[in-house]
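Visitor: Have a look at this one before I ask anything.
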Amino acid sequence: MEGQYEDVRLGANKYRERQPIGTAAQTQDDKDYKEPPAAPLFEPGELSSWSFYRAGIAEFVATFLFLYITVLTVMGVVKSSHKCSTVGFQGIAWAFGGMIFALVYCTAGISGGHINPAVTFGLLLARKLSLTRTVFYMIMQCLGAICGAAVVKSFQKTQYERLGGGANTISSGYSKTSGLGAEIVGTFVLVYTVFSATDAKRNARDSHVPILAPLPIGFAVFVVHLATIPITGTGINPARSLGAALIYNKDQAWDDHWIFWVGPLIGAALAALYHQIVIRAIPFKSK
């Protein structure tokens, strides 16, 4: 019991991110930046830590709320034959970007505020997360997305099925290659923004203006949606695409579903490599 109380007392600080993520990156007392050590692939102590599980719960709840609000927004736009009588594509983009801004702000100090398996995957490749935490986050994100879409369907089943349930599909007139490219580039923009906005070195040394990390991240989601809604409905988040597709569960939701996993994961990997190798030049630092 003593160990349990100690774990609760330490909370998220016991097994914290190797490099502060989200708003945590803005509170560095030591301005002389030191490169944080790489996260191990497996950290056994995490599995017995309450802070590990509460971070996963935070990811679940955040992704649940994200799907609930955004799927309802998409359905509201699709429902009307006159887009001018709804919030339109711009409103959908604001709903996605605004929710990410709010949820990253709320959960950054607990889990890092990923809310997206692609973001989690990119941080794994940059060695900022353990493999254990990465897998756990991804599972909780997908479960949260499924539950969020399921709640929307439970409220209005007939309309949910008639309006497409917010599921991602390739729009007519666009090829699978175009859809895949849109998802890769869109996710690259998002994950690159996440790395830049939460870079502790930039905050400590290169900028005199504190960075409110959730703002540029949310804005990146907004502008990517403006660009790619006409092509794929904008995935850039495998959990979001899986939750909507699984609850809607029609053939058109599954025909090109692989694009909404492969594209974001490739985009996240490219963003992680670009930031670590080109922007930060970490492999080339002298000892």
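Backbone N, Cα and C atoms are what each Cβ position is placed from, and that goes for glycine too.
Bear in mind that TrEMBL entries carry predicted annotations, made automatically and left uncurated.
The compositional bias 'Basic and acidic residues' feature in TrEMBL is assigned to 1-19. Marked as region 'Disordered' by TrEMBL: 1-35. Annotation comment: TrEMBL describes 57-79, 91-115, 135-152, 211-231, 258-279 as transmembrane segment.
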Visitor: Other than its close neighbours in sequence, what residues sit by the transmembrane segment (258-279), given a CB gap under 8 Å and a spacing of at least six beyond its ends?
Guide: 116-119, 121-123, 125-126, 168, 170, 176, 179-188, 190-192, 194-196, 199, 232, 235-238, 241-242, 245
Visitor: Hey, does the transmembrane segment (211-231) touch the transmembrane segment (57-79), meaning at least 3 C-beta pairs closer than 8 angstroms, sequence gap 6 or more?
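Guide: These two stretches do not touch.
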Visitor: Residue list, the transmembrane segment (135-152) vs rest of chain: Cβ under 8 Å, 6 or more residues beyond ends.
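Guide: Contacts of the transmembrane segment (135-152) (Cβ under 8 Å, skipping residues fewer than 6 from its ends): 52, 55-57, 59-68, 71-72, 75, 111, 114-117, 120-121, 129, 160, 165-166, 238-240, 242-244, 246-248.
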